[in-house]
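K.L.:
My questions will all concern the structure given below.
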Amino acid sequence: MYRSTLLFLFIALVNAFANPGPCTGDCWTHDPGLYQRKSDGRYFRFATGGGIHISSAPAIVGPWEDNGFALPNGSKINHAGNDNLWAPDVHYQENTKKYYMYYSVSVLGKKDSVIGVASSDTMEVGSWTDHGSIGLNTSNNPPYNTIDANWIRIDGAPALNFGSYWQGIFQVPLKNPFELAEIAPHQIAWNASLNHRIEAAFEFKHGNYYYLTFSSGLGGNYDVNLPAQGEEYSIHVCRSEGGRNNFVDKSGRSCRESGGTTLLASHGNVYAPGGQGIVEDKNLGQVLYYHYADKTKGLAKTDYQFGWNRLNWVDGWPSV
């Protein structure tokens with residue numbers, strides 16, 4: 001009876017998730033960053049690899065075109081991996097009329113990383129200027145890994161979320177797009193289980209709350225070593241009134257104590273969704289975007305697909 005109940009609950013959870021919205025054209029992506037250009041509404045999608053892949057489309061559904069790389073020569077940061085940049089996060093600042101892209105230079109599986117930033121007037125290939133490191137790195141062996149940057153403005157003040165594995169996700173105030181404020185980073189989320197698999201923070205505001213989304217679980221190599229069911233990537237959410245700390249999930253559990261309400265997990269042919277973000281679509285409203293493996297196409301990183309779903313809201317919590 002107990003096993004039957006668990007199976008029923010698992011099937012109910014799987015059936016609760018909507019399939020990704022349509023995508024046409026070049027639909028490959030990995031750790032996507034997504035932004036809709038202010039001037040004409042054109043979408044630009046950024047992805048891990050090389051000098052950060054750029055694709056663009058007239059709408060979120062496509063047709064997507066592969067445009068090239070944001071930084072074709074890699075980063076000016078003198079660090080291993082500066083020709084293979086990770087986890088782009090893009091935002092626009094009205095006061096400078098520029099787009100800013102944070103990226104990570106890192107060594108896979110090690111706490112050996114640097115976060116850098118580039119800027120552009122248009123987001124087009126050929127328009128990006130690399131500014132190098134923002135001063136956030138692991139040279140002093142901190143409790144965090146400096147990858148997966150995510151910019152957020154909280155009550156008018158800019159901040160950066162970042163972190164992967166180790167002691168989890170941290171937040172630090174920014175002085176400007178290129179410099180940290182002189183305040184130490186503080187932890188906002190942590191996963192005590194499965195080798196502390198938590199990363200890819202993305203924070204956004206809705207109503208009176210700030211919502212912190214993150215990916216939890218094993219984030220790749222599924223074609224080589226498939227993890228146990230439920231240990232692959234999935235997307236979770238906590239919320240906070242202040243946006244800087246005290247994030248809790250729907251049950252009230254702290255995000256610093258392995259909390260996190262599941263927003264999206266494997267279902268049907270959708271496997272291991274993660275690397276997520278939220279975009280404000282001019283027509284659709286708030287949209288969750290992410291990468292996932294389509295079981296009908298393959299489980300390798302080169303097979304990953306771009307996924308998106310409109311957010312629904314019930315009692316102050318998002319769902320898809």
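Placement of Cβ uses the backbone N, Cα and C atoms for every residue, glycine included.
What Swiss-Prot shows for this protein is this:
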type: SIGNAL; residues: 1-16; note: signal peptide
type: ACT_SITE; residues: D31; note: active site, proton acceptor
type: CARBOHYD; residues: N73; note: N-linked glycosylation site
type: CARBOHYD; residues: N137; note: N-linked glycosylation site
type: CARBOHYD; residues: N191; note: N-linked glycosylation site
type: ACT_SITE; residues: E199; note: active site, proton donor
K.L.:
Out of these glycosylation sites, N73, N137, N191, which one has the fewest other C-beta atoms within 10 Å of its own C-beta?
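P.N.:
Sparsest of the glycosylation sites N73, N137, N191 by Cβ contacts within 10 Å: N73.
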K.L.:
Validating a neighbour-count step here. Other CB atoms within 10 A of the CB of E199 (active site, proton donor): how many?
P.N.:
27
K.L.:
So of all those recorded positions, D31, N73, N191, E199, which one's Cα sits nearest to N137 (N-linked glycosylation site)?
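P.N.:
For N137 (N-linked glycosylation site), the spatially nearest of the recorded positions is E199.
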K.L.:
Would you kindly give the Cα-Cα distance separating the residue listed as 'active site, proton donor' and N191 (N-linked glycosylation site), rounded to the nearest Å?
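P.N.:
It is 9 Å, counting Cα to Cα.
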K.L.:
Measuring Cα to Cα, tell me the gap between D31 (active site, proton acceptor) and E199 (active site, proton donor) in whole angstrom.
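P.N.:
Pair distance, Cα basis, whole Å: 11 Å.
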K.L.:
How big is the Cα-to-Cα gap, in Å, between the residue listed as 'active site, proton donor' and N73 (N-linked glycosylation site)?
P.N.:
27
K.L.:
Can you count the other CB atoms that lie within 10 A of the CB of the residue listed as 'active site, proton acceptor'?
P.N.:
28
K.L.:
Name the secondary structure element type, per DSSP in three states, that contains N137 (N-linked glycosylation site).
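P.N.:
In the DSSP reduction, N137 (N-linked glycosylation site) maps to strand.
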K.L.:
Secondary structure at N73 (N-linked glycosylation site) (DSSP, helix/strand/coil)?
P.N.:
coil
